[in-house]
Amino acid sequence: CLFFMAANVLEEDSMEQDIESPVTIHQPKLPKQAREDLPKNINKECAKRKIQRYVRKDGKCNVHHGNVRETYRYLTDIFTTLVDLKWRFNLLIFVMVYTVTWLFFGMIWWLIAYMRGDMDHIGDSTWTPCVSNLNGFVSAFLFSIETETTIGYGYRVITDKCPEGIILLLVQSVLGSIVNAFMVGCMFVKISQPKKRAETLVFSTNAVISMRDGKLCLMFRVGDLRNSHIVEASIRAKLIKSKQTKEGEFIPLNQTDINVGYYTGDDRLFLVSPLIISHEINQQSPFWEISKAQLPKEELEIVVILEGMVEATGMTCQARSSYITSEILWGYRFTPVLTLEDGFYEVDYNSFHETYETNTPVYSAKELAEMASRAELPLTWSVSSKLDQHAELETEEEEKNQEDQNERNGDVANLENESKV
């Protein structure tokens, strides 16, 4: 819009100078900061600003770490680094580690045989080699594999006339056990990671705001698709919103706790069937002053985190999701999904994300509280107001009586003066 405004100004100036001359307009390219500092009314007229998620709907954090100079810290924790790698890189490293160790020790076995002269006495029955039936690098490589994996085919075998070979055999056996323990441990931990368990923990697509027990509440629904339960399940919520302090400090993506039952214990869940998590909007709530009309104008994000232990493995699992302002429905409730059948309860997950509209005031919780207090004022102040009115009437009557008395005194004084005259 600013570009079009500038273009119109240029056209008007050029028309004043020479009406018949064509004007070529080049739209200026503004820097990012200048584009963000445009007036709000122009931004609203041009395009609707897109809210960038902090946590995506699938639970992955939308944050990239850049300019990390201390990369050596990743190598100090090599085990976690390998576990966090993608599967294709993890399998590549798994194959490369074993292949490199087999080639390395195979080369040493071949060098020992070559330096002792075993290659020159192949087929000589009077010569005792370090490794029987080792006649080249390929056979040395196969012997290295048999030694490290403890296969032992019996065709190639070390003799007792080679002390350097005995020492190398001990070193390769110990080192091979360490490599096996490390790599198999990495693979086991990566396979048993509870990240996939979080895929069966679902959150409702939208959050809703409606009345519950006479109070305005923010609600969302969680559920578990598996029959094996999450042990010690707990849930918490965070409000992600930028703020500016009284001193002028700007805090981007400030995190504020949203109470979902911490003090009452409602945040600890028995997640057998889908549950609706409720946040009461009171004076301590960050939504205290937000109304239905103001909600779409807010740039905020609600991050919900569900934690617990997997019943099958005992490992801690965490599932995450988020809701932006366009995903918060004002005046809606969730459709019930639990029904009683013959001897059991049935959950219909087809209706898990469905909502229906309900009668909900469009005012904020603060405005509703003020309205309720105003409605109670005539009842609580009726006696005092009547007393005040009665006192005012008495004062007015006293003032009138005083004025009448003054008038009478004045009349008497006038009569006395006239009689003297």
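Using the three backbone atoms N, Cα and C, a Cβ is placed for every residue, glycine included.
Nobody curates TrEMBL annotations by hand; they come from automatic prediction.
Taken straight from TrEMBL:
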DOMAIN    55-194  domain 'Potassium channel inwardly rectifying transmembrane'
DOMAIN    201-371  domain 'Inward rectifier potassium channel C-terminal'
REGION    388-421  region 'Disordered'
TRANSMEM  91-114  transmembrane segment
TRANSMEM  126-145  transmembrane segment
TRANSMEM  165-189  transmembrane segment
**Request:** Quickly jot the same-chain residues contacting the transmembrane segment (91-114) by Cβ under 8 Å, restricted to those at least six beyond its ends, or write none.
**Result:** 82, 85, 129-131, 134, 136-137, 140-145, 147-148, 162, 164-165, 168, 172, 175-176, 179, 183, 186-187
**Item:** Per-state residue totals over the domain 'Potassium channel inwardly rectifying transmembrane' (55-194) - DSSP helix, strand, coil
**Value:** 87 helix, 4 strand, 49 coil
**Fill in**
Mean per-residue pLDDT in the domain 'Inward rectifier potassium channel C-terminal' (201-371) works out to 92
